[in-house]
Amino acid sequence: MVNEERLHHMIKMAIFDTDQGKECKPMTQYARKDYVSLRMLGSFVSGTIGFALILVTWGIYSMNQLMENLNAMDIQELLTSVLVKYIVFMIAYMAITYFVYNRRYTKGRREVKKYYGNLKKLNQLYEREDKLKMSENKDWE
Amino acid sequence: MTTLLELKEKLIRFYGKNEIYVKPAIRFVLALFTFLMINNSIGYMKLVSKTPVAVILALVCSMLPANGLIAIAALVVLADLYALSIEVCLVGLLMFAIIYFIYFRFSPKSGINAVLTPVCFKLHIPYAVPVGSGLLSEAYSVVSVACGTVIYFFIHGVSENASALSDAAEETDSSVSKVVVALNQLIGNKEMYLVLGIFIITTLIVYVVRKLDIEHSWTVAWASGILFEAIGLTAGYILLGISDKIAGVIIGSVISGVIAMIIQFLFFNLDYSRTERLQFEDDDYYYYVKAVPKSLVTEKDKQIKRFNGKNEKERLNKKKFAEEMDIDENLLD
């Protein structure tokens, strides 16, 4: 016979597995600090590539202007302004990353906790069932 | 209203039963629209711009997750741009790469807005997208709406200036200036900045109002969003001197309002007359909960049959009861 109580927990767990399971898995393996810093490392790389691409786009766009003013241009000043923009961009980008993944970790951990709660209850249900079976067997003997 | 609610119930039940077919069907329709739109605007590469190819690609997309559609659509756009000229293709590639590296790493799930926005632009109802995403998704979906807007204006700009950008114009234009013309569709496009700004603010307004603890928050949210869009875009177009688009804005806003109503009806329909306030506690907290019931109705096709229709009028009295029980009537006094 189908054990409805057990089914209830199992459905909940299955929904979690298919919906958020993959995303939440790293949250069970890492501490908050490690999880967020790992994501920030990834963001650093992708943010740098993104900024470089924006820079390339801007460079091509203002190529003519750059060529015309090449001699009169203060290269050092240009580099400094690019560097400042890069730093500002990265700080903003990293702050967003920190905020987003910190929140996701909080939410994800809550879900994982619920999942483990269900798992525990499920385990208890199985144990109880096993005990019942054992006692029935003894009666049989 | 009851009939509508029954229809909603039926829809939900139908979706629940046939989800396995309905989802791919929706994806197929969206993908087909996307590819036909791309072919219609910038179908320069003959090989991928035929309707049968679009149908095959849409079929493939219907079996892939939503992000598969985004990737294939991006590839088709790049192929078309390549056929037009390699410089424009480079600009397109740069645009997609920037969007991917900066945004899509974060939230791959809301990426579908980036496809939906250009499609809705083509159908002249782009105003529904910020409102819809504000109602249904998280606040950060605003970025994907922005990405979709940028992609649309780029594709639109390229198709408008195709003659200046094509390979045939190579002798008169240097390749650098062609890139500049292509980039100007993005960087120098004031209309794009206007629409982008309005869409971002609209999405945020709808999202914030929807989350407010006020009655009918969804209705207030979409109504204020559409009103802001209509007024903001009308004012902006007057300022930019493109007044011939104003009629389109107003008609589009009205249609978007209807779409928002449908979204609200399908995803949120609460009956405030039976609201309950509950109080309870656990080990750590006291909870004060306001529970608003979803107004779901049972279907009309439930029929009630009376098997004792004739005897209904007969009333039980002391005598009859005594007869039935086979006892003396006086015992019941």
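Just so it is clear, glycine is given a Cβ too, placed from its N, Cα and C backbone atoms.
Now, the feature entries from TrEMBL:
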- B:20-42: transmembrane segment (TRANSMEM)
- B:54-78: transmembrane segment (TRANSMEM)
- B:84-106: transmembrane segment (TRANSMEM)
- B:192-209: transmembrane segment (TRANSMEM)
- B:221-240: transmembrane segment (TRANSMEM)
- B:246-268: transmembrane segment (TRANSMEM)
Spatial neighbours of the transmembrane segment (B:20-42) far in sequence, C-beta under 8 Å, 6+ residues away: 14, 48-51, 53-55, 57-59, 61-64, 66, 69, 72-73, 76-77, 80-81, 84, 115-116, 118-119, 122, 155-156, 158-159, 162
Intrachain residues whose Cβ lies under 8 Å of the transmembrane segment (B:84-106), provided they are six or more past its termini: 42, 44, 74, 77-78, 114, 140, 143-144, 147, 150-151, 154, 158, 162, 165-167, 170, 175, 178-179, 182-183, 186
Other parts of the chain folded back onto the transmembrane segment (B:221-240), taken as Cβ under 8 Å at six or more residues beyond its ends: 127, 130-131, 134-135, 190-191, 194-195, 198-199, 201-203, 205-207, 209-210, 246, 249-250, 253, 256-257, 260-261, 263-264
